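One structure is given below, encoded as structure tokens.
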């Protein structure tokens, strides 16, 4: 797509008129120049840091706004989508009518008309047979920078054949004046129309809405083709052994998959088809709160020119204070995946997964650091998706909150959770993969399990040193827990040992078990769910 006149006509078709200069797939140097211009004000303007990366602020929206997520309910989505207003569920897919959509679209297209625009064409998905060709349209340079970092950058030759089958229009500066009359949550919106294949953004500057919006779309299209869509990081060893790490934001997906002894496939979103595991993205979106070079060298060294920092505190001398959470706990950096040295090249994909790791951050101090799951327990804990929401990843979350997130990514699911569990199970059985629950949360004394111990546990899983050690059964949860792991202090393996009295653990465990049981009631009316009840905790 090099014909600007054709591009102008296409923008007109979208409803965007009288466009000024178009920056089409701008280089990083042009983006750097445009996002740091002295004439920019407010959230548009980036600050150059000593590390070389540009830092931007996103205002009050330092995380996603799930209550402002809307899907047009029409003939395509009516019977397939997992709706917020149907059944016993916690879906974020709030339905809107075509009429409301039309008003939101007018709001965004008017905002994007009569001004210079940045247009970025990119791929979502490393496999050509299942990827989306996505066009991003924004008036803000750093938002174009963000998607250039996060999605797969087409070659010049691929751009000549690029025909978008999904469009994202980011009108962060506009808000919806009629939201009360329309019965919506607020003046801000992140809306999708699968018939028109468009995403609209208004009112929120948070970059992650573009990233996670496309993830929700991949989570719709792929499982319907029997391709697993997974909220996970993934890496591969020298022998071609693939491991995937499921987990919500802040549980360790990015950190634990950045392993100097293994090649990174990707840090957050993947598919699993007949050929193996593949990345949806071309970049990483890592949390930076309390980031240090010694603990996370790969991520630290990725923060350089072309990386984009979000909501970090930049000191007067341009130094970044990664320990300062005054803006948000959810400080972030996006960077192209090649900023990590040890990556799968030239395409972010590998073979079938052999190790499936569910990461959970247990704020109760009940679960052990690691458990080898049976096939039935794998399904139960995948559908439960227990973790704690960590500070700042969503608007209003300021301290750890115990929660259940189906498939470790409930906020991004477009279909019913059982459909993802079914496809994942099929892929696991075909590949003879094993699953483990790894707790990166807190013990009974309120101390978080150290990254050193967690890395040693992951190492033992990957090298199959955990499969043949003695185990004990943890009551209530009926989990098989190893008594020893090489490189790990054995005292931390039994969560009861971190309490002065076992009955303290017992009380907390019973409390948490009741939460598991109550949460799983939403699946008990299905044949699969009823069979899995015995694979969870019992009182």
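Quick reminder: no glycine exception, Cβ is built from N, Cα and C everywhere.
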In Swiss-Prot, Mn(2+) binding by 212, 231 extends, among 267, 268, 273, to 268
May I have the list of same-chain residues other than 212, 231, 268 whose Cβ is within 8 Å of the Cβ centroid of the recorded Mn(2+) site, in sequence order? 211, 215, 249, 269, 409, 412
Protein Cβ atoms within 10 Å of residue 206 (substrate binding site), excluding its own: 26
What is the interatomic distance between the Cα atoms of residue 64 (substrate binding site) and residue 249 (ATP binding site), given in whole Å? 11
Distance [Cα-Cα, Å, rounded] between residue 231 (Mn(2+) binding site) and residue 247 (ATP binding site): 7
I need the most crowded of these binding-site residues: 249, 251, 255. Count other C-beta atoms within 10 angstroms of each C-beta and give me the top one. 249
